[in-house]
Amino acid sequence: MAGNKVLLDTNIISALLKGEVSVANHIDNAAEVYLSSIVIGELFYGAAYSVKVEQNMANIKQLLTAYKVLNIDHETSLVYGKIKAELRKKGAPIPENDIWIASSAIQHKLKLSTLDKHFLQISDLKILGW
């Protein structure tokens, strides 16, 4: 994975926050690591819904200082529209937030690090294997 520019999916960050060593090693080997603002929203939702709200919120805020954050813009929206249309034509819908996350990865020419198999439905998306 050395030299890879990687966008982390929510499930990867969740595993990292739970202290999974293999995930930490995986991330440490990347050349550049990014988070999507969509992933950050999902993380804050999970924290707000959790039992340990304050602790989880603090962990996420600390995480934000460690990685570059990609925001959604008009180019991301264009990629999103193409992906969603492609998936609908194939009859292979995936969660809306995941389309946005994939759009960010494609737009910025990043590999997506994820455990979700439904991302394989997106033809232009490069997924980082584990």
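We count from 1, first residue shown onward.
Including glycine, each Cβ sits where the backbone N, Cα and C put it.
Taken straight from TrEMBL:
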DOMAIN    6-123  domain 'PIN'
BINDING   D9, D98  Mg(2+) binding site
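Least crowded of the binding-site residues (D9, D98), judged by neighbouring Cβ atoms within 10 Å of its own Cβ: D98. Taken residue by residue, the domain 'PIN' (6-123) breaks down under DSSP into 75 helix, 14 strand, 29 coil.
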